[in-house]
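Presented below is the structure to which this report refers.
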Amino acid sequence: MGTKRSSLKGSLLLLLLMSSLFLFKSVESLPICPSGAVNCQVSLSDLFDRAVMLSHYIHSPSSEMFNEFDERYAQGRGFITKAINSCHTSSLSTPEDKEQAQQIHHEDLLNLILRVLRSWNDPLYHLVTEVRSMQEAPDTILSKAMEIEEQNKRLLEGMEKIVGQVHPGDRENEVYSVWSGLPSLQMADEDTRLFAFYNLLHCLRRDSHKIDNYLKLLKCRLIHDSNC
């Protein structure tokens with residue numbers, strides 16, 4: 001009986017992993033413009049549809065990856081109390097909830113999303129390389145980290161196109177929050193190193209959730225005239 005349950009559990013986990021990968025590939029297969037197209041112009045509505053989809057598929061595996069790491073490496077270590085307010089993006093003034101976000105002009109909110117996404121380029125790259133070097137790191141964590149890194153680049157590209165349509169010719173300087181956590185990810189001390197991973201994944205989950213909410217709010221405001 002125990003063998004059957006283990007087999008069923010393994011099959012369900014494999015199914016969930018394959019479903020997650022399928023959703024990522026579905027998003028990845030949606031080109032911004034057809035191959036070889038010249039002067040392609042995608043509607044703002046379509047760009048927002050794609051951005052909202054991408055942000056959702058970044059936040060979902062970010063949460064799963066954090067939960068898996070927490071369960072496997074962080075139990076009993078008291079990491080959560082140390083992780084509060086220690087994200088590298090804390091220097092960016094981000095609204096904490098929908099009510100605060102609604103008070104911000106759409107141009108400022110768009111630029112804020114760009115800054116947060118740019119702030120994750122470097123840490124996501126190093127997250128992938130350092131997870132590869134972890135002993136006994138689950139393949140699911142590595143595969144999610146790799147997918148999130150790729151989808152973050154795609155979302156940033158899409159957001160730049162959205163800003164280009166909403167405010168044509170108004171190019172913002174590439175402002176972002178610098179991450180300096182690589183030495184901590186490479187520490188010999190296990191507790192220090194594991195907390196660095198934990199904190200990075202905690203912040204990724206937090207920021208991906210914020211971006212997901214901001215994009216839904218902006219889509220409602222700019223595409224549906226706040227009628228949603």
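Cβ atoms are placed via backbone N, Cα and C, with glycine included.
From a predicted model like this one, the values you see are computed outputs, not experimental measurements.
Candidates considered were C203, C220; the recorded disulfide partner of C228 in Swiss-Prot is C220. Swiss-Prot lists a disulfide bond between C203 and one candidate from C40, C87; that candidate is C87.
Taking the Cα of C220 (disulfide bond) as the reference point, the closest of the recorded positions S55, S63, C87, S119, C203 is S55. The disulfide-bonded residues under consideration are C87, C203, C220, C228. Their Cβ neighbour counts within 10 Å are lowest for C228. Of the candidate recorded positions, S55, C87, S119, C203, C228, the one lying closest to S63 (phosphoserine) when CA atoms are compared is C203.
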